[in-house]
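Residues or ranges marked as active site, nucleophile by TrEMBL: A:Cys86. Annotation source TrEMBL lists active site at A:His195, A:Glu197.
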Amino acid sequence: MKFAVVVFPGSNCDVDMFHAIQDELGEEAVFVPHSEYDLSSFDAILLPGGFSYGDYLRSGAIARFAPIMKAVQEAADEGKPVLGVCNGFQILLESGLLPGAMKQNRDVKFMCRNVKLRVENNKTMFTNQYESGESIVIPIAHGDGNYECDDTTWEEMIKNNQIVFRYDGHNPNGSKDDIAGIMNKRGNVLGMMPHPERAVDSLLGSKDGIRLFQSILILWRENHVVTS
Amino acid sequence: MYKIKVYVTLKQGVLDPQGKAVEKALHTMDYDQVQDVRVGKYMELIMEKSENVGSKVEEMCQRLLANPVIEDYRYEMEEVVGQ
């Protein structure tokens, strides 16, 4: 399976993402610069964390107009898995691929620590290797992770099981309904603030993140069985 | 030429963490009269004179300068002498 790791000016988790795919998952990863127009040769698209365009104006606000984002939109329309982590999540929100918006953390400071997450929906292409309601440990590292949306959007997401991860126990950033990760209605675009790519080896403190990437791979393999 | 002053703030009803922190600081400084603080952004645009400046500014606010999901914006336009 071939994964694109999109690199914006200011991305800084792109190498971690590449490592998670290439070395831990054992699949092919390719860095694709923000100035490219085509992602058609890839099976999945990863938008890594960082501070694209210095977080100027709002996190993700400028990156959403990068040439590559048209190709990300096309990949999403085709039903390919699109995962945005941290700044990648913020870019997905700004581009309208996911509903809602991100505000500054409740305590107005950058937070970098391990947090507990609850897997709220394990019937997705991103979470099928987790148990429903399972508690996992994944690190966060963000200043703007305070998720916000209007109540109509929120009710709609609950109805469609679009809330994939919630903070378990302590809510670190004040996000609405303890939301840590959401997906689109179709279920192929996931945005999350915590960093699964930083939790792929027990040397890093947790390997709970690797199953997210395995979920994508396992489902993809099931759908691409050679039947000759 | 036009000088456009754009003001962006979080919507009423959307909790403003930075505004709350400033409000608390003002209270500790004994400014008890302060009821609410909203922190926002201020931008200045210099634009060429054209007929549809207003609608262009509106469009730019909607698409980039503000995020209508959580932010309100307003702007003022004034005519200035170009260089």
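Using the three backbone atoms N, Cα and C, a Cβ is placed for every residue, glycine included.
Here the structure is a predicted model, which means the values were calculated and not measured.
Rounded to the nearest whole angstrom, the C-alpha distance between the residue listed as 'active site, nucleophile' and A:His195 (active site) is 7.
Non-local contacts of A:His195 (active site) by the CB criterion (under 8 A, 6+ apart in sequence, same chain) comprise A:Cys13, A:Asp16, A:Gly49, A:Val85, A:Cys86, A:Ile138, A:Pro139, A:Ile140, A:Ala141, A:Gly209. In the three-state DSSP reading, A:His195 (active site) counts as coil.
Shown in sequence order, A:Cys13, A:Asp16, A:Met17, A:His19, A:Ala20, A:Pro48, A:Val85, A:Gly209, A:Phe213 are the residues of the chain, 6+ apart in sequence, with a C-beta less than 8 angstroms from the C-beta of A:Glu197 (active site).
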